[in-house]
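> Got these off TrEMBL a minute ago, pasting:
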- 1-22: signal peptide (SIGNAL)
- 33-125: domain 'Ig-like' (DOMAIN)
- 144-234: domain 'Ig-like' (DOMAIN)
- 248-336: domain 'Ig-like' (DOMAIN)
- 341-428: domain 'Ig-like' (DOMAIN)
- 434-521: domain 'Ig-like' (DOMAIN)
- 525-612: domain 'Ig-like' (DOMAIN)
- 619-714: domain 'Fibronectin type-III' (DOMAIN)
- 700-711: compositional bias 'Polar residues' (COMPBIAS)
- 700-719: region 'Disordered' (REGION)
- 719-812: domain 'Fibronectin type-III' (DOMAIN)
- 817-919: domain 'Fibronectin type-III' (DOMAIN)
- 923-1020: domain 'Fibronectin type-III' (DOMAIN)
- 1044-1136: domain 'Fibronectin type-III' (DOMAIN)
- 1148-1169: transmembrane segment (TRANSMEM)
- 1178-1258: region 'Disordered' (REGION)
- 1178-1198: compositional bias 'Basic and acidic residues' (COMPBIAS)
Amino acid sequence: MDGPTATATALLLGLLAHVASPLEVPLDLPQPPTITHQSPKDYIVDPRENIIVRCEAKGKPHPSFSWTRNGMHFDVDEDPKVAMKPHSGTLVIDISGGEKAEMYEGVYQCTARNEHGTAVSNNIAIRQSHYFSVFKDHLLKGSPLWSKERNQPIVVQEGVALVLECRPPAGLPPPIVFWMDNNFQKLSQSPRVSQGLNGDLYFSNVVPSDSRSDYICYARFPHTQTIQQKQPITVRVMNNGPAEDRRPTFLVPQGTTSSKMVLRGHVLEMECIAEGLPTPEVSWVKVSGELPHNRLSLLNFHKTLRITGVTEADAGQYRCTAKNRLGTIHHTITVNVKAAPYWIMAPNNLVLAPLENGQLICRASGNPKPAISWAMNGVPIHNVPHDPSRRVEDDTIMFTDVQSGSSAVYQCNASNDHGYLLANAFVNVLAEPPRVLTPPNKVYQVIRNKPAILDCSSFGSPLPKITWFKESRSSVLDGDPYTAHDNGTLEVRTAHSSNSGKYTCVARNSLGISENHVYLEVKEPTRILKQPEYKVVLRNRDVVFECKVTHDSSLMPTVTWLKDDDELPDDERFVVDVDSLTIKDVTESDAGTYTCIMNTTLDQDSASAKLTVVEYPDPPSDLELTDHRSRSVQLTWTPGDDHNSPIKKFLIQYEDALHDHGKWHNLTEVPGTKTTAHLKLSPYVHYSFRVLALNSVGYSEPSQPSQQYKTNPAAPDENPAGVKATGTEHNNLVISWKPMTALQSNGPGLQYKVSWRQKNVDEWLSSTVANVSKFTVSGTPTFVPYEVQVQAVNKHGAGPEPGTVVGYSGEDLPVAAPDNVQVRVVNSTLADVHWDPVSAESLRGHLNGYKIYYWRERSLHKRNPHHSEQQILTFNGNKTHGKLPGLHPYSIYNLNVRVFNGRGDGPASSTKQFKTPEGVPGQPSFLRITKPSLDSLNLEWGPPAHPNGLLTGYTLKYQSVNSTNDLGPVEKLKLPPNETSMTLHNLKYSTRYKFYFSAETVKGQGPSISEEAVTVIDEGFPEPPHPLSPTSEHSYRHKARPLVPGPVLGNLSSSLGEDGVLISWEYWGSEKNVYVEYIVENSNEDWMKELVNGSQTYVLKGLKEGLAYKVRVVAKGHSDETVHSSEELLVTVPAMASRQVDIATQGWFIGLMCAIALLILVLLIVCFIKRNKGGKYPVKEKEDAHADPEVQPMKEDDCTFGEYSDSEDHKPLKGSRTSSNGTVKRDDSDDSLVDYGDVGDPQFNEDGSFIGQYSGKKERDTAECIESSEAPSPINAMNSFV
């Protein structure tokens, strides 16, 4: 049973026990006595120890105790050897002084009484072990327990039945009997030899091996833990000839029928022991029904039938059958089941309030039916004074309108021939307000989805009524999911998180009210998420079993690992971690089932996995050769241990000590289930064999070699393989073959007989050679067929008749060329060639194929010779046509055809000339885009390097590209073939364009070349310094290609600040991904980059002092390709001198800073006052000073405390504004002052005051009022004074 199921079952059983538990009266309240402990009814004592007879009781007031013995009062004070424990009725009888235990044998009964009633115990029958008493008497008389006389040997004929009697002395309880030899080893038992229930040893038939002199019967008396033995019995089995077979007969029981009585609840044992030859087999059936298989055991080789926990249903007829091949015999046993009294309903204590009603029920059953009798305070009920409130009806006493002071203890006795039952139950008349006995504020914890039991144990008279509330006590808890039991327990059938909280139970009766608070906490269950998995591991490796668990955060689980349901071995190789078990250097003894148990205080979960330890199998052993023959032998062996991995196959190897000593060869394989192999052998070999076993891990070590087995020589069984006949010269024939091995030679003196003849000639020529693998025949005609044979020969004869192989003598060059060569031009790059085959006589060898030699004479476009190299196209086999691909259009070609064989090419055919037609041209050689302006671009190009015909013109396609690299509509222009440049007008300013340019012939348009360019923002920008490189482009549907460095990035500068190096630049492009890239000068590392989108300044921090860096600004497209790049700027970070570090601590510097700060504060106050008054700044002077004013937006304080620079590098563009972080942003309007010279609208403050400032339009070097959102720092103020 798994953990959660066991927990739920235990909880349910606990609930049932709690609901059915008898009423408990608090001990601080008046109550009659109740017997709590007493000795068993049948009390067997050890006379070597003191006799203790228990009798414990409780009550209020505490009861007094007295005893009877054999129905008479037993005065404890009269016998100094008998004492009663204080505050108890338990008797202690001291017999350590030599007193005999039998003096105190008898039937004892304890009585416990107080002013409210009397309770009595069972009748306790005290008996001592009879065996010990008999044994002691025998010792006193000098007589042994078992006769010491030597037993006479028992001589029996082989095959007959035999019974060796044990007959141990009677004991209380009966002894346990077993048979052993002189070495204290149990005698082996079997279906032929077995021990009966009476202790005798039964032989169905004896065999010679039964002869021995130490058959010893032992009797162990469990109560005294003593063992006695009988004198050894000698058995001699005689063999006077073969024993005759016989039908079975029963040794136990006798006859064909018998009967047996058993009490309900006891163990039923029946046996049938039969003799016969051969040994009979015994089986059992129930004639009158089915055998109770869940309570049934077949023992003693099916000779004994045992049924535990007997019920009335087990009564009936049982039949045992013994049979062998000569016959069958039956015996029927009738089983009668009787029953000592057993409870149907035992009486329980009864607490009644005055004038309440109640009843005591004493209901029992048995066979025969038990008689019920009642007593009150130990006195038979018919002998006590009559009470009108009490009425006895058979097994029930009914009480009506009970009165105070009528408390008593009632005894119920149920008895029949097989025993009795005695029960005490009191009636306690009390008037008591309710009290809750469950401890206050008790916390119950339960696992989610399990039942929860909240206890509200209470007492009161009248019996209190229990009600339950949760939290706010808005309603009584009764109904799903709650169940309120009669004893006050509240059950939550399936607990959830919502059931957690505070619960209140209220107990009420007519005399008062009492309440108690308890708490329920519902926890998450413990679950193993990752269970251990089945592992197969190689010995000496490590293995890890995982066991990962989830659990309630408030419950800490403890992990326990078991091996085969037992504790892990005490071995440091076993490492238990939080969620795993690691076994290091696994051995075979580590194999087994490992169980991970995760326990919390509330639940548990477990999972198991099996570990199988494997390794290479042990090598086979005991190799033996049998069935020796000239060409075969039988090999057998004994397999080694497979180490938990079954043997898949055996590999048999051999060594040839005669020809290849020390080298082992594979001979054959057999399945792993076989241990024998029939081996086919070759002559003239000195064999040794060995065997290897293969399992899932691998091959074992080889076995020890077998004994050597030599085979006799013989003539060869085969001839050489791989015979060939070919010519290497035009007048020879080379005959070759694969040399035979020593194993194939079959004997000494191996030679080869080589035979040959020209085909269709009768006479064979031959030659015998040795130690070679080829033979050359000279002076043969060119390329004629020959028949050849190669036969193996040794000193013991020739091999079988060899097969004939046909070959040809040597080839020579062909003497004829192919005729009727024809050429058909398919298109501008493909031609089809046809020819007639060459005759076989002219070929003078094997036809390998034809070759076409061709070359380009010249191009029709250019009149000068082309001098193209000759090309060869080969067609294998007997082809008569082929295609020439990859020709140049508009060209003149020549070709010829030749045949070739194994010796080489034949003569060339007559040369054929053909022309290829025009084709589409190649792409133009270049495309340059120059002179960019606001609305035009100049295009220059070169004609294709391969026009492939006469050019008929050019095609230009172009389209615009926006900031997201999306392409606009395509414009198309046709251009004449004699032009090489043009100017494209009416373009949009500051726009990137993509161009596609291609040439045309009468066959169509060739591949295009593409390029990109940008119209400029202002005519003042110079044109790009370099022409754009051409790239091949065959498709128009794609994103725009990045542009090479252009003028959209400029004015890159740097300045050193406190936080790092400030990099400034100007950028007019449309790409949004702008980076500052930098690298240490002369470094081979990759450029480092910082993203600076939307900004035109950036502070590089973390640069190392004393190093020089190369810095550039790049704009990248959406595919992270570089679209624009600035020039590289060299920035040197100076090393800071130590004397400059502490300038801020110098007094003169601090004073200067304070003065500057005070001055700035005064000026700010003046400015603030003027602004609040609505005053305007004077601008007339500036208007007079500048004839062409240009308005720039600025802040109020900028006009008063402008920061001037001696360089244009830090100026923002006109028409831009500075953000709060000091970076320059483009104005929302595209009509900036950079693009147009016109004056913009002046800007006004919120109060209407004019804050514009004029400056010269063309004077770029004139000092400008630089806008800043930062407060002027003292250092900046100092710089402005320099």
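Any Cβ shown, glycine's included, is placed from N, Cα and C.
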> Under 8 angstroms for C-beta pairs, at least 3 of them, ignoring pairs fewer than 6 apart in sequence. Is the domain 'Fibronectin type-III' (619-714) in contact with the domain 'Fibronectin type-III' (817-919) by that rule?
no
> Under DSSP, the domain 'Fibronectin type-III' (1044-1136) has how many residues in helix, strand and coil?
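Residue counts in helix, strand and coil order: 0 helix, 48 strand, 45 coil.
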> Give me the DSSP three-state residue breakdown of the compositional bias 'Polar residues' (700-711), ordered helix, strand, coil.
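Looking at the compositional bias 'Polar residues' (700-711) with DSSP, the answer is 0 helix, 2 strand, 10 coil.
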> Can you tell me the mean pLDDT for the domain 'Fibronectin type-III' (923-1020)?
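So the average pLDDT across the domain 'Fibronectin type-III' (923-1020) works out to 89.
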> Take the domain 'Ig-like' (341-428) and count its residues per DSSP category (helix H/G/I, strand E/B, coil), listing them in that order.
3 helix, 52 strand, 33 coil
> What counts of helix, strand and coil residues does DSSP assign across the domain 'Fibronectin type-III' (619-714)?
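Looking at the domain 'Fibronectin type-III' (619-714) with DSSP, the answer is 0 helix, 50 strand, 46 coil.
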> Helix, strand, coil: count each for the residues of the domain 'Ig-like' (33-125), based on DSSP.
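Counting residues per DSSP class in the domain 'Ig-like' (33-125), I get 7 helix, 49 strand, 37 coil.
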